[in-house]
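Per TrEMBL, the feature region 'Disordered' maps to 1-29. Marked as transmembrane segment by TrEMBL: 39-69, 110-128, 134-155, 167-184, 196-219, 325-348, 354-376, 388-416, 453-478. According to TrEMBL, the feature domain 'Major facilitator superfamily (MFS) profile' maps to 43-482. If you look up TrEMBL, you'll see 239-269 marked as coiled coil.
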Amino acid sequence: MAGAEAANGRNKYAVLDPSDEPEGRRRPSAWERRSKERFVLACAIFASLNAILLGYDVGVMSGAIIYIQKDLHITEFQEEILVGCLSVVSLLGSLSGGRTSDAIGRKWTMALGAIVFQAGAAIMTFAPSFTVLMIGRLLAGVGIGFGAMVSAVYIAEISPAAARGTLTSLPEICINLGILLGYVSNYAFSGLSEHINWRIMLGVGILPSVFIGFALFVIPESPRWLMMEKRVPEARAVLLQISESEAEVEERIAEIEEAANLLKSTKSEDKAVWMELLNPSPAVRRMLYAGCGIQMFQQITGIDATVYYSPTIFRDAGIKSDQELLAATVAVGFTKTVFILVAIFLIDKVGRKPLLYVSTIGMTMCLFVLGIALTLQKHAMGLISPRIGIDLAVFAVCGNVAFFSIGMGPICWVLSSEIFPLRLRAQASALGQVGGRVSSGLVSMSFLSMARIISVAGMFFVFAVISTVSVAFVYFCVPETKGKTLEQIEMMFEGGKEWRGSEIELEDTQHLIQSSKKSVSLG
């Protein structure tokens, strides 16, 4: 078999070797390669702007809720609903966004999400009551769901395999940047009157969505979506803009066609996409375990509770004034942003799993330390000074968000956008966000109530235990996908190969491709 393949030419899934290009075909100059790399980076950055909306909302609401509570006189229960409902509602946008992005394209789905968010943010800015504020919050959540789902898929589909991990982590960087901007906005406008400051804080969130409108004139449509729509000339034109050579264009087109042809040959050909996801093959089931599981663990380890309720945490640690509380949250946002930049440089060099191990183990340690610090502040004041207790709590919160940003934050986006097959990618990525959004909403909407029962410190001990479980999940359920094309990753899941010890090799992928052509049903 290997000899026949060697005789017939290079395997479609082999890494592109410039020396194999046909004679007479001009190789791109170094300037042309850099120009195309910059264009791909620009497309990824523009697509990631949607994520700033999510991050800004998370960050700004942590401080704005202090003044909303004072201005509109809302109860603690209403506060929990207002904070947590966005996570749950955004999953509606994610679910409908998957179908919409398959119907109208990735690019225009991002535009639709920005428009819906703008409407919601405008309503919140001028809301005279809690009811109107909730209507705006729900609309903003739907818009965020649209954008967050499709941006990661779009970036994965335009990125070369060697840089896909870095580029698909850009949305997480933008989330962290949005959180930091939200914290800074809280601090900057906190000196205004309670009737005005929170409205300005929320209204500033409209600005990133305006830039998304300009981005639509720059970024092309996803070539993989164009291929799904049988618009091959347009797909080739886009690939010529983002690929280093014509040979790479033809190879990437061949990979997409190969995956599409394999999908068409399966027994589930006539099943709807959602039926395939609800009744998955073993390969798709493994993908769903990894994709949905990483989304859930990202949230049930308490990151949104840490960010949304950081003022509550620091108040429990002993900080009194609103200004000092908001200043401490700025430190958290700054730490979170800096360490996501560290992750982007490591994700395609070190790999996904090593960073996930560092992340989950580090988060577990910091969550335990935070629980201990808050316990000592409440019940053992004589053992440590109040200042040391406050510093330890701030250090633990900053450490938790730092370790999260190194691994669980960006890699969740990367895995969710790269492990699913072409036909299922948009819908499955949307489904993967359901677990994450529901988990985030449940944690956010129950944190204050549960903290009243078992204390804030008790909540972080619970998060620490869950984080310990996440380490085992990474070991058993998450494969290493560094440096593989989307189609190679698909074949890896299809083979059901044990991946805990080592990465799957190209020879294994070639064997799986041949086997799939004969008898294996792809999900």
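Including glycine, each Cβ sits where the backbone N, Cα and C put it.
Sequence-distant residue pairs (6 or more apart) of the transmembrane segment (196-219) and the transmembrane segment (388-416) include fewer than 3 whose Cβ atoms are under 8 Å, leaving the two stretches without contact. Here the transmembrane segment (453-478) touches the transmembrane segment (354-376). Their Cβ atoms form 3 or more pairs under 8 Å, with each pair 6 or more residues apart. Confidence in the domain 'Major facilitator superfamily (MFS) profile' (43-482), given as mean pLDDT, stands at 83. 325-348 is the stretch from 134-155, 325-348, 354-376, 388-416 with the greatest number of Cβ pairs below 8 Å to the transmembrane segment (167-184).
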